[in-house]
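To start, the structure under review is shown below, and the notes come after it.
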Amino acid sequence: MSEVEKKPIDFMGFRKIASVVSIALIVISVALLATRGLNYGLDFTGGTSVELEYQQAPALSNIRQTLEAAGYEQFVVQNFGSDTTVLVRMAEAENDQLAVEVVEALKAGGAELDLVSSSFIGSQVGEQLKEDSGLGLLIALAVVLIYVGMRFQFKFGIAAVLPLAHDVIIVLGVFSLFGWTFDLTVLAALLAVIGYSLNDTIVVADRIRENFRKMREGDSEHIINESIHQTISRTINTSGTTLVVLLALYFLGGEAINNFALALIIGVVVGTYSSIYVSANLLVALGVAREDLIVPPKEGLAGQEEEEEQPPEWLNRM
Amino acid sequence: MLNKYPLWKNLVILIALVIGFVYALPNVFPDDFAVQITGARSSTDVDQRILDRAVDALEAEGIAVKSTEMQERDALIRLNSAEAQLRARPVVQEAVGRDYLVALNMAPSTPEWLKSLGAGPMKLGLDLRGGVHFLLEVDMETAVDQRLEAMSGQIKRELREERVRYRGGDVEGDRSIVLTFRDEASRSEAFQLIRDQYNQFLLDEQSEDGEYRLVLTMSEAEIKSIQDYALEQNLTTIRNRVNELGVAEPLVQRQGSDRIIVELPGVQDTAAAKRVLGATANLEFRLEARQDAPAASTETFPFRDNPNREARLERDVIVTGDNVSNAQQAFDENGQPQVNITMDSVGGDLMNRATRNAIGRRMAVLFIEYRTETEEVVVDGETRTVDNRVVEKGIISLATIQSALGSSFRITGLDSIPEASELALLLRAGSLAAPMYFVQERTIGPSLGQKNIDAGMMSVLLGFVLVLCYMVVYYRGFGVIANIALTLNLMLLIACMSILSATLTLPGIAGIVLTVGMAVDANVLIFERIKEELKMGVPPQSAINAGYSRAFVSIFDANITTLLVAVILFAMGSGPVKGFAVTLSIGILTSMFSGLMVSRSIVNLVYGGRKVEKLSIGGKLANV
């Protein structure tokens, strides 16, 4: 890191390129979502899934034939984790006995197998979940906008929320591109990405605010650049530790949690990038100026601390 | 003095950590495999005698018993292995007989002194221990319709008793009851009567073509309260039925306005569970129609056990299953089987009014069953499946009324004990307020549960160790301090979850992993600040102080915003998302405590109150 310390990298020098990249990624993601859509998991579509553990690795085509012969339509048979574990997914969302029937049909074929897990989700539950989740995301973003708008300033609020939307859209775009299953755990990951990316954005924004109040010279772009430079090693270290943990989760956490870890890994990478290039970039574009952040002198106690926001007094005593 | 905590502050932190340690401790002790014996009925108590009988039977089979325990309502036999547990269950069931339920259970092995402090391990979610998860939806439309029907019956009876002449009075398609009168006087009389006794209706007087009409519409508040009641009643019924299944630690919980979650740990046979839970049924008590009754006021139903036999019943319902509070098989004075029925006060009142003038006539109990049948329909050349809700009505009892009945009466003249218990079971099953349908179902095999635990543990451990290494390599001495804080953070997180008896699920473990990754953030922020201060030539002691106080604002803002998101997650999410939100929220709070207070306290102990030339914080700049 030592070269970085000596001469600040001109982060904002890349801002035009970064803008193009971000906009391109968003456009591509939206286009993908519009055309390919998401591969919604059972949680959202409703349906039945059965996970089976065979004694010996079965031929998937045999299973398909057996099921077709038993009169089933619209099903997917795939290996799940290992070659002895088989996952059967069906779109059928009305018959809650289906899982049992499928196991019986396959057992009738003479194969030795155990039911590992099965799910049946009625279509109405899935629909509602989609609505609730969308609403949850929007509320989360709105609350963040309000909080940051109050704690910092409205321009910062925008600069905090847009990167979050940016991150969410890109992660969704990647999921759409590769056709990875989007289920409840991925939704949870997406919300965690919001939390994480927000964390990052706020730390940078906090430093920008501090520097605007402290540094008497230089234009906005210079101050923002300096702030990013000052926080870059923290940003890299925190992302690094988080990524290390997520990689452990991805490789060891088991099949059920793979997509969760994947969504978070992409989200953390994109979120780190966005807290620098989308958030700070937006601040420059919105024309944040020193006047936006100088605490008005009339604000009682705060007025005496014009230089920078002091932590509460109790903390100094710690 | 700079960087020196007063004694009391160190003590507070120490006490918090000790409490955390004590409450996290029970999670270290592995659960015992156990079988649990409970009474099949709430009146059956488990005593030492029964327990001894079970233990003797186990010893005769050569199954080693680790220990036994009498609890308030049940007895617990701890065994040494999962295999012994599986073998023990049928043996114990055989020994104690059908009056008792024997369930497989995982019993925490928390030592006595910890238990006396109220400490216990975290509960494991279904995805970690195996079991069945159901989501049931209560059919609110039907609940409201049923109540309307009953009300309409009551109002008509009331009007007849008061000798007010009317026509109509049946429930219309738009959920209103229209009464037509010949003159205004009888209408206003009816208006008075209904207004006084049925204030849940909105009354509307209409006059048309010389007809005087009174339109009754149910108020929104009443509909709401019917729905609440239906859900509550269903919850209670489901709880009772789940108890009949004999599952250890079942979960029955309402979700939203019309759904019920049922989680049965350890259960693998979903079909059996659904048979018991899913018997969505209701009852109607009706009088048998007189020979001369007009066809419009009667309905004909077959018998449930013999579809060829039929009986003609009055259309008016005396009471429904909602008013039945209990039904038990018993014996009469001559040792003949009978069924004792208990009604709630409203039901008893209605029953009395209907039967006091009907002695010698026969009363039928109509059993109504709701099922979902799937049918394939061709729509626009496409085959799609449609689920039809099928209603099946059959008479389960037709008995002569021997005296005016009240809130407690009996049905006699039954041929056999099985017939009587079957009838009692049906009566109980039918006391559901509204039909329910399964809308979601998950089964998690026990092997998958264990696999999930192992995988989760492994990734938490590995992630944790990697973060520890990263911090030591990068921040040296301060890295070690951050690592101690991180370890204590993990301990506090587990302690908090145990105290709140939060349920640990797979997404919950993911939340912990994420917290581990993010918890170091506070310390990274602080240490970077300290480095900056050192770079600017600030002496080490002041640098530490400035680092902690300057970084506070960032840490606070960043964590509060993340916490906000976690809280929204908790409020909006369901199931897995909730579990994740809980661990994330607790993790944010504990990591703020450990990252700010605990790490500061250690830094103060190491560096505070003396002259320091150099900090071990990594990087060349620390030496400047």
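Every residue, even glycine, has its Cβ placed from backbone N, Cα and C.
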**OP:** Among B:272-295, B:416-439, B:584-607, indicate the range for which TrEMBL gives the feature transmembrane segment.
**Re:** B:584-607
**OP:** Grab the pLDDT values for the domain 'Protein translocase subunit SecDF P1' (B:231-288) and give me their mean, rounded.
**Re:** 75
Subject >> Residues of the domain 'SecD export protein N-terminal TM' (B:2-104) by DSSP state, where helix covers H, G and I >> reply: 50 helix, 25 strand, 28 coil
Original post:
For the transmembrane segment (B:455-473) against the transmembrane segment (B:506-527), do we get 3 or more Cβ-Cβ pairs below 8 Å once near-sequence pairs (under 6 apart) are dropped?
Top reply: yes
